[in-house]
Amino acid sequence: MLSYRHSFHAGNYADVFKHFCLYQTLTFMKRKEKPLLYFDSHAGAGFYDLHSAHAEKTGEYCDGIMRLYAAQQLPPALIEFRNDLRLWLESENVYCGSPWLAAHLLGEHDTLQACELHPNDAPALQHIIRSIRPRRSFVFQKDGFVQLLASVPPPQRRALIVIDPSYEQKSDYDAVCSVLSKALKKFAQGCYLIWSPCLLRTEAQDFPQQLAEVIGGRGYLRAQLKVRTESALGMYGCEIHIINPPYLLAPVLQEAGNVLVQILAADKSAQFQLWHRDAAQSATGKSH
């Protein structure tokens, strides 16, 4: 949706949660010395000034990344994530998007593909990604769902595919399930990471079950972070859904999620919950 600008929301609690999950997923995948494709369906501008008019208008980063920067007694996985962010960003006045983070984690033989339709954000994304890794990086000013189906299966036969539309259009929920169903038929072994908001909107409430029907018996991880009381006024949390997650990712996200929910909580209703199953096994879940 061209009216959506992530610059208003950069560095908020949803970004911190999504990027930590992305960071850990890609880190686990990189333990194998085989090239892979990183694909991002809705990439944004890639890099954001936290003191821009957009960011300052909402101030959402104050209750997101700034809380993580100030936090103490973190588990090792969160310390590593925070240290790398500080090293790569070089300033706490800016924040990254998912493709920027991935560009720092990928190796020279890996490939990055990112899609962004907005006429201002797409060129900005192209510039920032090429400045990090000039080779094997491709930015498409195209519909990310259409490009995804053109990009799978990749020659490498390994991929992390990030799907995170704004969900400002109610049709986005059905669109995600539709494209995922088609992509899985073409590339069943890919690792798919899907972000979704927690809202009282019917489409958002039904989405996890709708997604589960598409996923079937494949390995699946669902991590849910609620930071405030459920309300019709807006987003009160978010979820990460990972299909074919890396082995041993679940306990790392569980440990970190138990801490993140304390750091990012807006009220006493804050809760972290994780469900995980290996392929063809029943799901298990824990809430905190």
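For all residues, glycine too, the Cβ spot is worked out from N, Cα and C.
Note that TrEMBL annotation is computational and uncurated.
TrEMBL names His42, Ser98, Glu116, Asp143, Gly144, Asp164 for binding S-adenosyl-L-methionine. Of His9, His19, His241, His276, the residue it gives for the same site is His19. Each of the binding-site residues Asp143, Asp164 was scored by the number of other CB atoms within 10 Å of its CB, and the largest score is that of Asp164. Per the record's binding annotation for S-adenosyl-L-methionine, residues His19, His42, Ser98, Glu116, Asp143, Gly144, Asp164 show a top Cα-Cα distance of 22 Å. Neighbour list (His42 (S-adenosyl-L-methionine binding site), Cβ cut-off 8 Å, at least 6 residues apart, same chain): Cys115, Glu116, Gly144, Ile163, Asp164, Pro165, Ser166.
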